[in-house]
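Database features (Swiss-Prot):
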type     : residues               : note
ACT_SITE : Pro2                   : active site, schiff-base intermediate with DNA
ACT_SITE : Glu3                   : active site, proton donor
ACT_SITE : Lys61                  : active site, proton donor
ACT_SITE : Arg278                 : active site, proton donor
BINDING  : His103, Arg122, Lys168 : DNA binding site
ZN_FING  : 254-288                : zinc finger
Amino acid sequence: MPELPEVEVVRRGLQDHVVGKTMTAVRVHHPRAVRRHEAGPADLTARLLGARISGTDRRGKYLWLTLDAGAPTTGRDDPDTALVVHLGMSGQMLLGGVPRAEHVRISAVLDDGTVLSFADQRTFGGWQLADLVSVDGSVVPAPVAHLARDPLDPLFDVDSVIKVLRGKHSEIKRQLLDQQVVSGIGNIYADEALWRAKVHGARVAATLTRRQLGAVLDAAADVMREALAKGGTSFDSLYVNVNGQSGYFDRSLDAYGREGEHCRRCGAVMRREKFMNRSSFYCPRCQPRPRR
């Protein structure tokens, strides 16, 4: 599943290419792609027709396009709304041609002739329209309001998150994956952050010191910034930017996917274990398991 860096790469591409443009035609090719929009496909297409894209934003793994209220071509007087995009496991926001047309679930034609397509092979992602609401000093779509801030958010408060983690009596990795504690971190970057901080993912969050928790959160922010600079992590053709190009941070991973390889820090053989129906990768020497 795309995590924060991959979603931010897509957002930046959309910011550069679609802001200021108006949707002149919209077609839903697969109803599952708009299942989160409770009013249905016809309502979504009608409300998007003539809508002007005024900006882009993101929180965690969700991104959205801000739409001008009451687009002049429609005469509507809607409240400020956003087109919320969740990429799911394999969603892509593509401009221009698409390599596999059969995977296109939604398409929108912009006023300059550009086609914006939502392709999704596994159909876990989708689009929905939502009102923008004010939450904790930020304006976000209502379906995103429950998410915590992510480590790259300018208003992310490390001390406040540490305080929350100090009260959690479950594994630190479980907490990193909880989007209501800190958003944007998935399995890949959780393993990378824990490796950098020399903390085993099975350690109970409440037993870690403030310094250790701070190190984990700082490492998460650092590794995601580095991944963002390299276009994100792409293990296959499913994770691409708006131009269909893959990222290459997978070549720089220190923990994830490196079972049986030597730790780049101490030389021990990296291990893999099951955790929450996922795989966790760690160094047994740098990140010793907690005692039972």
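Going from the start of the chain as shown, residues are counted 1 onward.
Each Cβ is built from the backbone N, Cα and C atoms, and glycine gets one as well.
Positions of the features from Swiss-Prot, shown on the structure.
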residue : record                                         : Cβ within 10 Å
Pro2    : active site, schiff-base intermediate with DNA : 28
Glu3    : active site, proton donor                      : 23
Lys61   : active site, proton donor                      : 23
His103  : DNA binding site                               : 21
Arg122  : DNA binding site                               : 12
Lys168  : DNA binding site                               : 16
Arg278  : active site, proton donor                      : 14
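Considering only the active-site residues Pro2, Glu3, Lys61, no residue lies within 10 A of Arg122 (DNA binding site) on a C-alpha to C-alpha basis.
Geometry remark: Lys61 (active site, proton donor) versus Glu3 (active site, proton donor), CA distance 6 Å. Here the Cα atom of Arg278 (active site, proton donor) is found 15 Å from that of Glu3 (active site, proton donor). DSSP states for the zinc finger (254-288), grouped as helix (H, G, I), strand (E, B) and coil, give 0 helix, 12 strand, 23 coil. Note: the Cα of His103 (DNA binding site) and the Cα of Pro2 (active site, schiff-base intermediate with DNA) are spaced 17 Å from each other. Site extent for DNA: the farthest pair of Cα atoms among His103, Arg122, Lys168 sits 41 Å apart. In three-state terms derived from DSSP, His103 (DNA binding site) belongs to a helical segment.
Lys168 (DNA binding site) and Glu3 (active site, proton donor) are 23 Å apart (CA-CA, integer value).
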